[in-house]
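Shown next, in structure tokens, is the structure this report addresses.
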Amino acid sequence: MQSNLLKVLGVLAIVATLVCFIFAALGMIGAVRIGNGCYMRYSKDGNGGADSITNTITLNANANYFNISKMLPDGTTKLIPDPNRYGEWLNTQVLVEKNQQVNLQVVGQVSLCLAYLPKNNLQFTERTRPGKSNLDDSNQMIPIPRVQDANSPPVSLIMDAKNNEWRNIAELYANDKVLVSVSPNFANTDATVDDVFKGVKVTKDCTQGKTSYYPICGKYSIYSGKYVTACELKQNYWKGNVHREECYCVFGCIYQEENEQWICDAANSASHCCTSLVCDSLPAWINHYSNMPEAYKDDGSFTFSWSDKSGNLLIDYQDLQCSNNVQIPPNGECPDIVDNRNPKDKDYIGGVHCTSGICKDGDFQKNRKFWYTADGKGGKGPTGLIYQMNNTGSVSQALPSNLEFAKFVPETEQPPEYKDKNGKYLYKVIYNIPFNSNIEKSYLQYRLWSPTSQDSSKNTGGYVLNIKQTKCYRENGNSFKDIFDDRGRVQYIIVQSSENPNTSGKTYAPQGINVDSDGKSHFNANEAGYIWMKILNDPSNNLKDYKDSEGSYKVHFSTSLKVGSFTIKVMNPLLQLFKTKVQGAATSIFKNMVCYKSTDNTSCTNFFTYIKAILILYVMTYGAMFLLGFAKINQKELVIRIAKIGMVSGLINGNTFEFFNNYLFDAITNFSDSIIANMSGYSLFTSTNTISNPFMFLDAIMSKIFFSQTFIAQLLSLLSLGLSGIIYFIITFIAVCIVIITTLRAIAVYIMAFMATCILIGIAPLFISFLLFDFTRYLFDNWVRFTIRYMIEPVVMMAGIIVLTQLFTIYLDFVLGYSVCWKCTLPIKIPFIGTILPIALLNVPIFCINWFAPWGMDYMSGMMGVNMQNIVALVIIAYGMYGYVEFSGRMVAKLTSAAGPSATQIGDRMSHDAGQKTLSQIGMDYRTRKGITSRAKSRLKQRNRTLEHAEQNSKKYMKKIGENTNEGTLK
């Protein structure tokens, strides 16, 4: 029991292993794609005789089509491009003839080089980091991710508010795409930014309540020093309101400033008669100061709103004073050094209703602004961030007259990957305009706004700008110059099928393709072969730009390849060679029989001599018999004999050969061709042949079978229709093979008939002379009968073949009348998956085997059927053609009453022998098959005899055992 279980388990293990191997093999096959090309049923012009081929290839920007497996640190493997296969040509699998027109359309986007941080960037300049402003601490250039690379974060640059100068964020060439974003204002939290120069993460405290911040916090201030925060009314603060003292002197008063001091003293000794100017002790509003900036608050109370006008981004705190000349302290004299200390901004700062004490209830308290934030109060953009384009990329502080303030792009243009899982922005885009300019190169520059007259070293904070850039961007095969001439042009070369330009070591002359704005173009092949393509890029620096390239083009091909003509390629050369040889041999026989224009009679026998002798003998014999009364003659017989003598004597004429060659020979040998041509409606001649070809009606069907790629694809596509498709394929293939065999038999019959006719005409002088005597008359009659038989035998045969060929062509189009594409045809799915996994995975294939399939067939929606009636009709017609060849031979034999071998029999034998010789190369000829069959029968007989002998021995043994058992029982 245990051993049986082990056997069962062993069998199951073997089966499981085989299944694994089969699935692995099918998986590899399913991964094979030669493109998604299609063979169209009709060409674009609607005419036949051409293969209308469409194909689509993927042209990689890096020109690398081979992957290798790389082991990752976590133990997993990853497929990466083979580092040794960049910059290679791709075989499009499109075969063209010389001067054949190829139409194509290039669709897609590629980036043909990688962008790197420029010098004098937002974080470092050549002044602060000489010679290394664009290099990291390892002296390596810093690459910028591409715009379309959603899986890579942008490069972050820390923008310090202390740097009040224009700096570069991107070097732009024509058609470059750039995506500039700003990191948010980190409120009440820490900020973390990748420092791409140091290769580390920088984390700083960005919580509110501080008056200075690191640049990565997303806020900055240009304010420092002191500013007025309140106003206080100070009594008796200064002396003002100058006036003259009242005079009480009887004799009148004098003015102190107009007299000497001793005079005033004397005048005042008796009474106060010398008066002076006096001042009142006046109050004034004095300033109360605080330090700038005020501590940042997340509620936005000290934050500027976004504006695109610089006047809205600056408050001149130095101009805000509680009273006039408050910054000039009183000197205690009368009058004071200034005479105006009236309130200035007291109401705005302290409030209208506050009239004493310290006042700080004015509107100013609500309008104090010190901070600019990256999220931009109001949400329109990062406040105070300005940008410009600069052609030189130089660092400068000058501000243009018109400032461009950065704004957030619309919500619909914000990349979804720039948000976290909670929908909060990690980066917010402020610039996404492709660089399209007549200028070859320019730099995108940014700076934080601040007055140029202000000392920026006292500024605090800053922003973090993030950059993605797609450099050397091209669309739809268009090309133009950047630092490399004509970068992005799609190039092609045409090489022979056995040649690989990537390994041949040859030097080629690539042709560039000029496309329109939609990527459409066409060209004429300069030679025959396969088209190879690649995208032109800078090959220098060890193919660095190819290695940095990304993206691909879809190149859609459409071309019409003229199908080779069976008539021109096969029949015309065959008939040209055969007819020339046979006609030459026949005329040579005729000429040798009559020694036509021969100066040396040793190489020929002049049959005219024998004809003369026979004719003389005939006249003498018949005349003697008539004179002696042995022969009776009437008028009818006399006329017949004179006609015979005249016909035979005509052969003695020296112009006999010209007559036969110029009139009779061509008329008789071409008789069949003319009748066949009239029946089929096809011409006997083409532009390339001078020998008549009656098989022109076969050109369409045979050219399609032998030379049409579309037909081969249509036939193979039957295999994609499932099990029924295999049956369809076998039946259709057999029908096509029968037609081919029938065609070859018909050609053989025609050749034999033509050769027999030519030979019979060549020996005509001999048989015509047999007309004279009654005992040789039957030879002449048979000669005439066979000549007529061989003349009409091809005509009768072709009459039926022509009709059946047309029917076969029609029904073949019914069966295979569809366009064909190379695509997924046989999906491999896990059986019983619905009982294990959710029903949603029931119809999901693991992989798919690609094959030729009819246009429009979808493996997911079921197989496409073929009308079986048409296939049956196709087979019936094919068998009818095959049988008609032999039937036509028997029909002609009865019509002409000519016994003996016919051209049909001879041609059949010839085609049979040729076929057997061909099959013998693979061991499938009749003799080999017969030998295999006989040996198999012999082995089978030997096996049967062995089994019979073993059975007899077994019966004898059992009988002996039974006898021994009976004897033991009796005892």
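Any Cβ shown, glycine's included, is placed from N, Cα and C.
What Swiss-Prot records for this protein:
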- 933-944: compositional bias 'Basic residues' (COMPBIAS)
- 945-954: compositional bias 'Basic and acidic residues' (COMPBIAS)
- 127-146: region 'Disordered' (REGION)
- 933-971: region 'Disordered' (REGION)
- 1-24: signal peptide (SIGNAL)
- 611-631: transmembrane segment (TRANSMEM)
- 721-741: transmembrane segment (TRANSMEM)
- 753-773: transmembrane segment (TRANSMEM)
- 795-815: transmembrane segment (TRANSMEM)
- 832-852: transmembrane segment (TRANSMEM)
- 865-885: transmembrane segment (TRANSMEM)
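Recorded stretches compared: 611-631, 795-815, 865-885; the one with the most Cβ pairs under 8 Å to the transmembrane segment (753-773) is 611-631.
Counting residues 6+ beyond its ends, the transmembrane segment (865-885) has Cβ neighbours under 8 Å at 718, 721, 724-725, 728, 731-732, 734-736, 738-739, 741-742, 745-746, 749, 797, 800-801, 804-805, 807-808, 811-812, 814-815, 904, 908 in the same chain. As a quick check, the transmembrane segment (721-741) and the transmembrane segment (795-815) clear the bar of 3 or more Cβ pairs under 8 A, pairs 6 or more apart, so the two touch. DSSP labels the residues of the compositional bias 'Basic and acidic residues' (945-954) in these numbers: 10 helix, 0 strand, 0 coil.
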